[in-house]
Structure formats: C-alpha cells, structure tokens
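Participant: Got a structure for you, questions after.
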Amino acid sequence: MAKAVFLDRDGVINRAIVREGKPYPPATVEETEILPDVAEALKRLKAHGYLLIVVTNQPDVARGTTSRETVEAINAYLSASLPIDEFRTCYHDSGDGCDCRKPRPGSLLAAAALHDIDMSRSFMVGDRWRDVEAGQNAGCKTIFIDYGYCEKQPEAADCRVSSLGKAANYILEEVQ
Ligand SMILES: [Mg+2]
Ligand SMILES: [Zn+2]
C-alpha cells in the first residue's frame, strides 16, 4: 500500500495572509509566496516514498469573495513549482453539507481509495484545527504548524511544529 502526507495549502505550502490574528488565502498568484523550507521538505518526503496531496478548504468561492479560477490559478502555480501529486479543493461553505470541507475527511478518504493509501502510515499537516481534526477523522497521524492564530486550537495533534520543514523532520524520524 501507498503512504501519503496530506498537506493543507495556506499557511503550510504558501504564506497565509494574517489579518487580526486570523489566516486568509492570498488573493492572487502574485500575492502567493511559497514558504522558505517547503520545496526542500517536499523533496525529502517524496524521496522517502510519500505521495504529496494538498487538501484545501476554499470557502471564499461559496461566499462569492473570490473565484474558482483564482483558486485554481494559485493551485496551478504551486503545482508547477513543487513536487505535489494532487490537489483536492473544497469550494463549499459550512452550510453546504459537503463531505470534503475539513474537518470532514471526505477528500482524504477519496484520495486513499484512489491511491490505495495506508492511513496508519500517513500524516496530515495543517495550521488550523480543521486540518488536524480532518486528519484524525481520516485515521492519519497529525502535525499542527502553530502560528499562534487567535482562534480555536486543535486538540491532541501528534506533533506541534513551526514549519513544514520541521514537520518533515518529525515524519522522517517517526518512521525510522
Ligand atoms: Mg491553512
Ligand atoms: Zn466541500
């Protein structure tokens, strides 16, 4: 079976735009900045056989404050710059009742079914409680990148770090 690292997008791969203590996605490709240790971290994880699957909530599309095309353009830019295998984007908001909006595990489970992923050997990395809970709901180990946002905090993440590079260190130490 395959193994994967599921990655949140904003705040994990690219810098989140923080306003009043809360993170937001960049509004344009030009505003999208890949975080410093991300390329190297993804390369190391890939070299150790992990599928790299980005799972992102983009509710601003349902809220009408950004377009699906803008979100897809940012995904395409990240995809062209980094060794990411797949993007799974939820365009819904909480009231829509979809199964792909984190903390629901629908996107992770769909990817697992497609690629025959062993969730007990896989990880979810994120910077918000929804990411950690989605990973827990899917049966993955979870890593929280803590920026000290002023919002609900995740409970019982397996590891708390300051960057994706540190998360990769944890993953690669954990499995040896
Ligand atoms: Mg995020
Ligand atoms: Zn959804």
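Each Cβ is built from the backbone N, Cα and C atoms, and glycine gets one as well.
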Participant: Let me know which member of Asp118, Asp127, Asp146 TrEMBL also records as binding Mg(2+) at the site of Asp8, Asp10.
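Facilitator: Of Asp118, Asp127, Asp146, Asp127 joins Asp8, Asp10 in the Mg(2+) site that TrEMBL records.
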Participant: Rounded to the nearest Å, what's the C-alpha distance separating Lys102 (site 'Stabilizes the phosphoryl group') and Thr56 (site 'Stabilizes the phosphoryl group')? Just drop the number here, would you?
Facilitator: 8
Participant: What does the structure give for the C-alpha distance between Asp10 (Mg(2+) binding site) and Thr56 (site 'Stabilizes the phosphoryl group')? Integer Å is fine.
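Facilitator: Their Cα atoms are separated by 8 Å.
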Participant: As a check: which entries in Asp8, Thr56, Cys100, Arg101, Lys102, Asp127, the recorded positions, place their Cβ less than 6 Å from an atom of ligand 2?
Facilitator: Cys100, Arg101
